[in-house]
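*Asks:* This is the structure I have questions about; it appears just below.
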Amino acid sequence: MGAATEFVFTSLAVISCMVCCQAQSSTRNYGPVFEEQPVNTLFPEGSAEEKITLACRARASPPATYRWKMNGTEIKMEPDSRYRLVAGDLVISNPVKSKDAGSYQCVASNPRGTVVSREASLRFGCKSHVCLHKQLSCLSYRWLLNEFPNFIPADGRRFVSQTTGNLYIAKTEASDLGNYSCFATSHIDFITKSVFSKFSRLSLAADDARQYGPTIKARFPADTYALAGQMVTLECFAFGNPVPRIKWRKVDGSQPSKWIASEPLLQIQDVGFEDEGTYECEAENIKGRVTHQGRVIIQAQPEWLKVITDTEADIGSDLRWSCAAAGKPRPAVRWLRNGQPLTSQNRIEVSGGELRFSKLVLEDSGMYQCVAENKHGTIYASAELTVQALAPDFRLNPVKRLIPAARSGKVIIPCQPRAAPKATVLWTKGTELLINSSRVTITTDGTLILQNISKSDEGKYTCFAENFMGKANSTGILSVRDATKITLAPSSADINVGENLTLQCHASHDPTMDLTFTWSLDDFPIDFDKSEGHYRRASVKETIGDLSIFNTQLKHSGRYTCTAQTVVDSASESAMLTVRGPPGPPGGVVVRDISDTTVQLSWSRGFDNHSPIARYIIQARTLLSNKWKQARTNPANIEGNAETAQVVNLIPWMDYEFRVLASNILGVGEPSLPSSKIRTKEAAPTVAPSGLSGGGGAPNELIINWTPMLRDYQNGDGFGYILSFRKKDTQGWFTARVPHAESLHYVYRNESIGPYTPFEVKIKAYNRKGEGPESLTAIVYSAEEEPKVAPSRVTAKAVLSSGMDVSWEPVEQGDMTGVLSGYEIRYWKDGDKEEAADRVRTAGLVTSAHVTGLNPNTKYHVSVRAYNRAGTGPPSPSANTTTTKPPPRRPPGNISWAFSGSTVSIKWDPVVAQADESAVTGYKMLYRQDSHSAPTLYLASKSRIDIPVPEDFTHAFVQIRVTGPGGDGIPAEVHILRNSGTSMMVEDSVTKPVPHAIVITTNSLVMLALFGYLGL
């Protein structure tokens, strides 16, 4: 028995070696796969190009060879032929339409198989169906009037059809007279050509202004076909006077979101099957209306839904391939093998998109193509079928050389040789053939399973594999190790949200092996890197796998399993963690029993999250505020065992949503989903409008104003206002109904209404459910009348050279038919008309005003009028005054100063007024110790002044200017520094805009003088 066994092993070893050698000598080959295929080509007739190139390139090993077909017939590549191959590309020299126009296909082959490319058309010149295939029109049309480039615009009255090229004019005008030419442009790939037609004369026989109804002259076809993804353009234009307006609509469905309607044109971009249907254009003017309808029919090129893929199959096995394509019309599907049509035969069944093989043979290997086609196009899907016949080979998947296993555990030893057809498998331990028993299982795929392992199971285990191509074996050694055990298992726990916890887990294991711990929650492994800091390992010791959980959340509840694992076995223990928290959201919120101010709400109980629900809270929001607010309920406090409650104090005729929140001792939980939107029932208004006021307007008018009521207080549809009013101290009330909630005033006109008559006014709201309460009575006056009396005793007095003071006696209030708003002063220069007067208005009951901005040395006339909201009253008798001459423009010069104890004496040259300047009556000096101190004003009648200074005086800033009836002149400024002695400033010109400094030193005194134009 032993000798025979050894002979078998030897024979198997020799066969395996032979198979290995054969396998090593072969390389991985594959059939052609297209990387570039020919495309439809349009060759412009008369082009300077001398050749056409149709591209074709395929990836293959060994490299592919190429052939080409034209209209299904193979092209002969002869030496003197106009056709030649460049790599896989077909180059056609000196192309001729009569010989070269047609359909071309590339054929790529290598020893593994053959594939054919998609068909590509070669056409010459411009063909309409080529343009449509490219989703563009070959020709575009424009029209010229009289000369280039005076193109006629599409303005609603005129329209150029891009379908026919015709120019349509809905209603001719005199400006349309002239010579017209059609300008057509052809677009072929990147080449554009344009041509003109001969000019045609348009003359008007007669000017006909009659109006007539529309007549559609340019109309889209009854059936318009388009491919999905293209843009559809429909044209519709009508004659008529006035020019008809064009409207578009989809008769049998909603308007497509992608359509662009611009009067004569309707364009639908990226058209889809949902856009299919009947479309209507309507032409309408004041004399009539006409319509035209047509269908848009959407079709589609074939598009793959399912394709075949490269497949390796065992010899003798069965294979089913399928492919599916969408398109309209529905694509037909056919099959090719190595570029030739494939039909049902012997072991092969072809049925539409299904291809079935029975008992594959080596000859079935090759390149297969599934072809789907309809009238709009053809698509190809390619795949390679490789039928394999291989002796068993363990090189890729040998039996593991060292197989560790845990004592009392289980070990699984796969046997997965590469083989075709599938190999028969046997297992041995040493020289003992293994068969299925209580501890030994050999599965149908050849896997060996040993259970309840003991030390006696150690040894060599060999897998023998055999098929008709040959035999092979592979051996591994089983080593038995100590089992892994959990020595400290985790304990179940009960905690609150936000608390921390550590679950313990310790284990023992075979010391020759590494031990790792993993944790799972409800059988899902815990990823520590993605736990957002909630999970951490509590120890780095090899035998300790404790898990720390920080800031626990409700989602951390569940069954935690600790697994201690070596490469040969593992041990697990579990514990339950209960995390208590606020309740989960209630569910199924339903609103019923809807009245004007109440609804009945019901809900289903949510999770209590391990802590009993104590109470419920109901929140509501309106569509006006969109903010959730707690609603009032009956009962006011909803117990935790309730599942229904009444919501009260709602606003009538208001749209509401409701949601429910549950709470327990740990807090308020997440809210439920909002209920469906409801509207409370209508009710009569309960609040009176506010802001009742009025006044103003035209004579014999009473204007009443109020604040419009917000939506919250309208309580129902058909909302408006009822006004009641009467003259004060009379009996009967007038009423007026004002519809619409947004109304905010009412005008009552009556010839009997006198100016500024007091009325008693009340207001209330109404809707279709009834009337609300009335407001308090307010007093509103009718329109005022302009004042009838003028102010008296008007006086005007000039103030300086640019102003005057005006005063007057007021009008008596008893003379007013309104409320006095103030007075209007009108003033104008002597010699000007009063209509050109400037105006200044006062507010209130003041009786004087100061007017500024006048010209110096000018006589002015002044009148005063009273005014109110109705207008301005009659003028007073005019008064007049003459403004004074302006002050001298020259500032004081030659300023000098001297110190004497605690006094500084300052002198300057007197300023003499010119003839057009007012007299000098004195001087003003502004003295400032430094730039931060408050200034002191000194007055001097002569051109000198003495100023007391403190003992510690070091410097000062001084401004000096003239003063007189015309006001104050331009200042001169000096900066005084104290040292000793006496100094004089000899510079007397300060009219320059740029300040300049003068330094004079006498007896060690330093003086700096800065001159500028600084106002007091």
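Glycine residues also receive a Cβ, built from the backbone N, Cα and C atoms like all the rest.
Sharing the record's features from TrEMBL:
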- 1-23: signal peptide (SIGNAL)
- 32-123: domain 'Ig-like' (DOMAIN)
- 124-203: domain 'Ig-like' (DOMAIN)
- 214-297: domain 'Ig-like' (DOMAIN)
- 302-386: domain 'Ig-like' (DOMAIN)
- 392-479: domain 'Ig-like' (DOMAIN)
- 484-578: domain 'Ig-like' (DOMAIN)
- 585-683: domain 'Fibronectin type-III' (DOMAIN)
- 688-785: domain 'Fibronectin type-III' (DOMAIN)
- 790-887: domain 'Fibronectin type-III' (DOMAIN)
- 868-894: region 'Disordered' (REGION)
*Asks:* In the domain 'Ig-like' (302-386), how many residues does DSSP put in helix, strand and coil?
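*Replies:* Secondary-structure composition of the domain 'Ig-like' (302-386): 3 helix, 54 strand, 28 coil.
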*Asks:* Name the range, of those listed as 214-297, 302-386, 585-683, 688-785, that has the largest tally of Cβ pairs under 8 Å with the domain 'Ig-like' (392-479).
*Replies:* 302-386
*Asks:* By DSSP assignment, list the helix, strand and coil residue numbers for the domain 'Ig-like' (484-578), in that order.
*Replies:* 6 helix, 46 strand, 43 coil
*Asks:* Please work out the helix, strand and coil residue numbers for the domain 'Ig-like' (214-297) from the DSSP assignment.
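*Replies:* Helix/strand/coil tally for the domain 'Ig-like' (214-297): 3 helix, 54 strand, 27 coil.
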*Asks:* Counting each residue once, how many in the domain 'Fibronectin type-III' (585-683) are helix, strand and coil under DSSP?
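*Replies:* Secondary-structure breakdown of the domain 'Fibronectin type-III' (585-683): 0 helix, 46 strand, 53 coil.
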